[in-house]
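These notes concern the structure reproduced below.
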Amino acid sequence: MVTQFLHTLVIFFMSSVCYGQGPSPCPSSRWTVVGEDTKCVRFVDNFRLTAGQARNWCASRGAALLRFSNYDSMMSFSQAATIRKTDGWWSDLSDVGQPGTWTWGGNEKITPGALAWATEPTDTHHVENCVSMDSTGSLNDDDCTQRIGYICSYTPATAGTCGGEFQSAGMRCYYVSLLDDPAEKMSWSAARNACLTQAPADGVTPVLASFTSADQLQGLQQMVQIASTQGKRWVGLNDRSTEREWAWADATRVSDTSIFNNQWKHYPDRGTGHSCGLVHSNGQMEEADCTDKHHFACQINNSPDSFVLVNGLGCPSPWIRGGNKCYFFDRRHALTHDKTQQFCSRMQGSLLKIESSDERDWVLQQTISGHMFNMWTGLKRASDASPTWVWDDGTPADTTLYAWNQQPSNPVFRDADCAFVNHRGKYNDASCFLQLSFICEMDTEDVPCPKNWLSDDNNDMTTCYYVSTNATDGKASWQEALNRCRQLAGLPDAHLVAINSQSEMDYMMSLMSTNPYDVYWTDLTDKEIEGAWSFSQQYEGTPPPIPWDQEPNNGGGHENCAVLFVGGKYNDVSCSRSAHVICERPAAGVHLNSGSSTTLHSGFLFCLGLSKANQYLFLPLFVIISMLCQRFCSFG
């Protein structure tokens, strides 16, 4: 290794000036504001990582390895460099893949004069491709596999961004403590206080994560899973005030537990005393003694004014847009091929599938610029030992869209049924049990319906439907079916199918024709008022009469939910009965109002159009109208 003197580097020359002007914009004492461009910087010298590991560690905290933007910012580092006695810290400077050409992160050119090497780095064996800074303020070209400290930096939050170590998911920003930091393993109360110290900017108050809708829970689950594929984190859920009455960290009572009832790893035991809630990396929830020590997840709400939605351009964080797809390049985890499939699926996506030369070239650009070595894709053999290669969904792979680094080995002699792509865009066959990073993909947000949902245009509105089968997720009770719809849709206004037009009924019959001997749950119930059948959502216009099949008869006095048969007939049954599921949700960008309205609820209109079998002769009509209006109408 040849040490190259850099005119003096450093870090805290401007920090005292910044501190004197007001509160630090950095999230905690571990981060220090630096330089005229007010970056937050963190020295990590208490444990050592390779250059690649250090880069990923910083990225997982919303930061990057240290970069110098110009000569002045470079000069501001020397004071901090001299006060720490260590082997040095990794910067983001390297010439990996392009010997002699130094760049930031492999894809950003250095501003002329920013580094001012005394002499050119000497690396005669081409093994010293990464750059570290030592305590004397000198730069060294080192072997990237050497383990030393490192420096992370980021620009503090501005209006409308998460900032700090928070990452965006929908309208919220999350901080998920990482399992490699033992200092962040603590009790629930300590975690609640620790969130306060993570504020990415002055005036922002983080709290333990909470969720009041299925989409918020899904966003949190994704952030936890991205942080690590194992482990669990404290969230704000607790019953410390009153046993078995769940509340959030701010004492707000949980009004709808159905959001997470199906997520419990073990359903809460009423005899365990006061408990606090944990979210696992696989999305399951668990209750635990609040004094137990675990890592945690914090949240802040982002301002709605900061989000400008441009049709067709958005991908959910941390996915990135490429053509008509969103991509997630995971370099933090190393999993078997089967585990990567499960990971991508839980993220509402699938493993990479190359479908055009443009997509192939774009992915190649990402793998080269991001130093992404050997990542699982969806390419695999059609069956064990088959010479034919297909994508994960069974589609035959177009051989013009991928090239082998080496021709696949004879599968008879080597169990190599899956394929990964290297940083130069070449594919290798390998054992599916090999643990590698991976690339997920999914449709962009301008696609109206989620994966595995069907879309239908009716009355100038696109609606999404999910139909269960015995081959997928089978049957469920009415409440289980509703919970499943919310979970699958990731939207609070998702519900069981509510048919309010003949054209929609015709479409349902076409979907149900593949399973003609089964019945399907609908959103129609009389749970609120016995005999008054209604939907949970309100719709414009007058829906047609309910085509009952010689029903409802309320057999046994507890048939309060309605199922739909092939042929378009309804029957009232017990809500605990098992039936198939048809979920309904608005397409992307469309949300229905399920609250009160100045117009009559569609359920009331249904009641007026019922068949002779259900004329409510046992109640005067004005009583029915009065009860329904009190329930479903509001008047200015």
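Every residue, even glycine, has its Cβ placed from backbone N, Cα and C.
Because the structure is a prediction, the values reported are computed rather than measured.
According to TrEMBL, the protein carries these features:
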type: DOMAIN; residues: 36-153; note: domain 'C-type lectin'
type: DOMAIN; residues: 169-299; note: domain 'C-type lectin'
type: DOMAIN; residues: 322-441; note: domain 'C-type lectin'
type: DOMAIN; residues: 464-584; note: domain 'C-type lectin'
type: SIGNAL; residues: 1-20; note: signal peptide
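Sorting each residue of the domain 'C-type lectin' (464-584) by its DSSP state yields 26 helix, 28 strand, 67 coil. Counting residues per DSSP class in helix, strand and coil order gives 26 helix, 41 strand, 53 coil for the domain 'C-type lectin' (322-441). For the domain 'C-type lectin' (464-584), the model gives a mean pLDDT of 81.
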